[in-house]
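This report concerns only the one structure given below.
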Amino acid sequence: MSITTRQRRSIAPTSGDALPPRAPGRDRPGPSAQSSTWSEEAEKGGGSLDWKIPFVALAFLRYMSATSNIIHDCDETFNYWEPLHYLLYRSGFQTWEYSSEFALRSYLYILFQALVAAPASFLFGDDKVRVFYAVRLFLGLISTASDTVLIVALSRRYGRRIASYTLAMLCLTSGCFFASTSFLPSSLSMYAVTLSSALFLLEKYGMAVSVAAAGVILGWPFSVLVALPITFYSLKRRLKEVFLAASMTSIIALILSVLTDHHYYGRWTSSVINLLAYNVLGGGESHLYGTEGLFFYLRNGFNNFNLCFVLALLFLGILPIARKKFAPDLLIVVSPLYIWLVFMSLQPHKEERFLYPIYPLICIAAAAVIESFPDLFRRRYVTTDSPIVMAAKILRPLVLSLILCASHSRTFSLLNGYSAPLEIYKHLSLHEDAGEGSILCVGSEWHRFPSSFFVPSYISDVRWIDDGFRGLLPIPFNSTLGGTAAAPPYFNNKNMASEKQYLRDTEACTFLVELELKRPYPSRGSDLSKWEVLAAIHYLDRELSSPLYRSFFIPYMWQRNVFGLYKLLKRIPNPETTSQVWSTVEE
């Protein structure tokens, strides 16, 4: 159907079809009129989506994520789960970022999760694993709520089709599935970007910028770049309202942040300013950690979003169409995707979690491209759709299905290949007969330690043993030095190892966790005269497996990957040591 024919058609709007009322004089009539004309085809498939269907679909997928998600980054464990565990149980690992000398991390973000974790710890008692999953369910609920508002906003502004495509990708793409329940400030920034974008589309400009400001201060300060386009355009439309709302939100959030930092660090400081100084003003050595090449995020984006990521990048290629269908608001919402990708790709320190704030924007951009397939082949003055336009319409569900199938394949591969660390630590609760004061030792697998929430109370200590790592490791919070207010001398911001981080007497280990891979050298636990295997779970060997086989689950091909064994071992008592102990008792 041509544009001319669509303009002549009269469509009686239902209550769901009506767009939110526009304030007179606020928007330019040209783009608005064009957007209305071009969006009629999207709207003719029915009214806007009701919030119930997106909420139920998202809640189900976020529940699955909360209960099955792995921990993708040791930063999540040591910089967020461990401080939370310390606040609840007075034990846990401390990183140099939480030293009072550096104070790079905000305890206000930790307290936000403690709103759920504290009551859960009281309710479940010693069952700390349930507390862990209670926090994850809380994160999944926040993600569900923010995503639902975004879907409803897209539906009201641009029709049911683009909203449905976005919903499908928010639910099933691997990136959104994993990021939605990760205990990371970048995930909080993702929730804020999602909700802020939705409020902007609903023309709630003051609320949109306020939410973005809260996400920047309470979550991740660098996500301010993602919030800039919405902030500038909101100020342009309603300067006084937006400025007052954003200013009040920012001031309140900063005051709460500083007061919280003062309480826990024992001195007046701001973790927000400290973090910016460390990374931007030359105050630290961020390039010492996780440096990657220029195209790291392009590869990472494809792994987590497959064809969805490619289509999102191609959104720039359909700008002539997008400016008529979606201008200006959707272009403003999507624009941070490219700003963020360019900025982060130029930084030497790269991590997968740094892309989390733009994950919902990837889904929106890809959905807009898929929805616009027929418009790429439609000619302006032809009254009937050509066969190629009809084929483009059929192509839309086929491409979406391909994206969702590839996403499910990626998610299934990661969950089945790398879930062993979380599962193996749960076996510790089955061996309380080891007695109080047991020591759990971890060697080269320290970076996959899932957190102290998986360590039962009968284990008095978790210690690292030297397997060759020469960087600085987390060390337990020291209450005698002041706990959270301590500035331990063994911490530094140069990633230099401390003498205190390793347990030298490995004979003191009661339990050992290690990964046994097919390598030419023996592992510690291979000596069965000293260690008894309590549990062993397959773990995908990334180095020896093909990238094609390991990246996506392909039936009959995924099994060709090489697997190691993630083991929990218990020390076998030495008869000589036992006899010496009994002789001492008899004397």
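From the backbone N, Cα and C atoms, a Cβ is placed for every residue, glycine too.
As written in TrEMBL, here are the features:
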REGION    1-46  region 'Disordered'
TRANSMEM  107-125  transmembrane segment
TRANSMEM  131-153  transmembrane segment
TRANSMEM  165-185  transmembrane segment
TRANSMEM  205-230  transmembrane segment
TRANSMEM  242-260  transmembrane segment
TRANSMEM  304-322  transmembrane segment
TRANSMEM  329-348  transmembrane segment
TRANSMEM  354-373  transmembrane segment
Test of understanding: applying the rule of at least three C-beta pairs under 8 Å (pairs 6 or more apart in sequence), is the transmembrane segment (165-185) touching the transmembrane segment (304-322)?
yes
If one takes Cβ-Cβ under 8 Å and requires six or more residues beyond its ends, the residues near the transmembrane segment (165-185) are 49, 54, 57-58, 61-62, 64-66, 69-73, 75-76, 80-81, 84, 106, 109, 113, 135-137, 139-140, 143, 147, 150-151, 154, 218-220, 301, 303-306, 308, 353, 355-356, 359-360, 362-364, 366-367, 370-371, 396, 400, 403-404, 407-408, 410-411, 414
Given the transmembrane segment (205-230), its same-chain partners at Cβ distance under 8 Å and 6+ residues beyond its ends are 106, 108-109, 112, 185-189, 191-193, 195-197, 199, 237-238, 241-242, 244-246, 248-250, 253-254, 257, 272, 275-276, 279, 332-333, 335-336, 339-340, 343, 357-358, 361
Per the Cβ filter (under 8 Å) with a sequence gap of at least 6 from its ends, the transmembrane segment (329-348) is approached by 35, 157-158, 193, 197, 200-201, 225-230, 233, 286-287, 291-292, 294-298, 301, 312, 315-316, 322-323, 354-355, 357-358, 361-362, 364-365, 368
